[in-house]
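According to TrEMBL, the ATP binding site annotation covers K46, G53, R54, G55, E109, A112, E117. Sequence annotations record features per position, and here TrEMBL assigns Mg(2+) binding site to N209, D223. The substrate binding site feature in TrEMBL is assigned to N274, G331, I332, M333. Annotation comment: TrEMBL describes 9-241 as domain 'ATP-grasp'.
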Amino acid sequence: MNVHEYQAKGVLKEFGVPVSRGVAILKASDAGAAARELGGPLWVVKSQIHAGGRGKGKFTEKEAGDEGGVRLAKSVAQVEAYAAQMLGKTLVTAQTGPAGKQVNRLYLEQGANIAKEFYLSLLVDRATSRVAFVVSTEGGMDIEEVARHTPDKIVTFSVDPATGVMPHHGRAIAKALGLSGGLAQQAETLTAQLYAAFIAKDMAMLEINPLIVSGEGQIMCLDAKISFDSNALYRHPDIVALRDETEEDPKEIEASKHDLSYVALDGAIGCMVNGAGLAMATMDIIKYYGAEPANFLDVGGGATKDKVTAAFKIITADPQVKGILVNIFGGIMKCDVIAEGVIAAVKGVGLEVPLVVRLEGTNVELGKKIIADSGLDVISADDLDDAAQKIVAAVKKA
Ligand code: GDP
Ligand code: MN
């Protein structure tokens with residue numbers, strides 16, 4: 001689960017991490033008072049969307065002005081003007097996709113004087129099964145570009161979970177960033193704070209870009225992006241409360257209500273499959289035959305008729321979907337139960353695109369008979385290969 005920058009900074013502040021003072025703004029009319037309360041001489045007006053690259057982003061509306069999604073203001077009046085320009089407008093960044101995202105919240109911060117910009121992140125490194133730090137002196141920029149062109153400017157190491165974060169980790173970061181004296185000490189303290197926050201809140205990723213040294217000699221986190229491990233949210237009600245559903249795909253929200261594993265994708269073929277492995281194999285074979293899946297959807301091993309219906313509704317409600325492939329292996333669940341679920345779903349929600357059903361496993365003959373006898377316009381398939389070819393052909397013809 002992702003949160004907004006201002007929420008991420010709120011979480012980090014609990015651990016003592018140095019961030020600028022700021023106020024979240026929902027109405028442009030609140031901006032002036034908030035700016036006066038923070039005090040100048042410099043403010044930063046920051047668009048809050050679940051995507052990076054805001055500084056270099058562009059608004060689609062003319063009234064929003066030519067500047068990006070992060071703006072420096074030198075007066076209260078300028079803060080007010082920027083807030084009025086940005087709120088409610090659509091910001092397109094390298095990470096939002098061409099449609100962009102509507103800016104419904106701003107974060108107004110006291111502006112910092114930047115002397116140096118660095119990059120710092122923590123993530124779960126699957127290769128070592130440890131939390132890893134990634135740091136670079138090349139902050140403020142696209143870290144993927146740094147990795148591509150000057151990989152030697154990125155320093156990475158992981159932390160042994162048995163010892164946790166140690167003073168030598170902090171020293172390694174200070175050294176990688178070329179810091180000494182008091183700044184090195186600040187970096188060491190920050191290293192321990194960030195690690196503590198990462199572990200305590202079950203984060204999957206924490207990215208600070210830029211981490212800065214201010215003109216006053218303070219280390220500060222000017223930006224913060226956090227992804228929390230969704231599987232651990234049950235033990236963090238404070239984090240769940242930060243969820244902003246307007247930033248999420250409504251189809252994915254609906255799927256999570258029915259306990260379906262669903263990820264929306266860009267293609268035209270909607271997939272309903274049981275088991276994550278089979279779902280991935282299904283997506284692969286759709287691609288192999290020259291089409292693209294519209295989603296990943298695992299209805300789970302013990303899917304009920306209700307779950308199958310909910311899944312069907314989500315798939316058919318997606319205007320991108322030009323055909324549906326149901327690929328179910330009846331193991332714990334019997335094929336006849338699935339066939340009845342599919343028919344009930346089709347009757348309930350209607351069907352305007354071709355539907356290919358491939359069933360295999362327990363009671364497969366009965367399942368096929370139920371579908372054949374249903375009178376519905378369903379294309380039956382014998383195996384995965386056959387099913388993929390049939391749905392790709394049907395979609396190309398339509
Ligand atoms: P992003 O573009 O979405 O990553 O948003 P950031 O929060 O990183 O802001 C973009 C850029 O704005 C940063 O890289 C900084 O260069 C600049 N910026 C952000 N906050 C401040 C600030 O307090 N003072 C100054 N001078 N620049 C800032
Ligand atoms: Mn940033």
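Glycine too: its Cβ is placed from the backbone N, Cα and C atoms.
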Q | Site with most surrounding Cβ atoms, counting all protein chains shown within 10 Å, from the binding-site residues N209, N274 | A | N274
(Q) With the Cβ atom as the reference point and anything under 6 Å counting, tell me which of the binding-site residues (R54, A112, D223, N274) are near ligand 1. (A) R54, A112, D223
Q: Round to the nearest Å and give the CA-to-CA distance linking N209 (Mg(2+) binding site) with E117 (ATP binding site).
A: 8
Q: Other than N274, G331, I332, M333, which residues of the same chain sit close to substrate? List them in sequence order, counting a residue when its Cβ is within 8 Å of the Cβ centroid of the site.
A: G275, G301, G302, A303, I328, F329, G330, K334, G361
Q) What is the separation, in Å, between the Cα atoms of A112 (ATP binding site) and D223 (Mg(2+) binding site)? A) 12
Q. Listed binding-site residues: E117, N209, D223, G331, I332. Which have a CB under 6 angstroms from an atom of ligand 2?
A. N209, D223
Q.
Tell me the Cα distance separating G331 (substrate binding site) from G55 (ATP binding site), rounded to the nearest angstrom.
A. 51
Q) Relative to the Cα of G53 (ATP binding site), which of the binding-site residues D223, N274, G331, I332, M333 has the closest Cα? A) D223
Q: Go through E109, E117, D223, the listed binding-site residues, and name the one with the sparsest Cβ surroundings, counting other Cβ atoms within 10 Å.
A: E117
**Q.** Other CB atoms within 10 A, centred on I332 (substrate binding site)
**A.** 12
(Q) I'd like to know which of these binding-site residues, A112, M333, is least surrounded, judged by other CB atoms within 10 A. (A) A112
Q) Hey, does DSSP put G55 (ATP binding site) in a helix, a strand, or just coil? A) coil
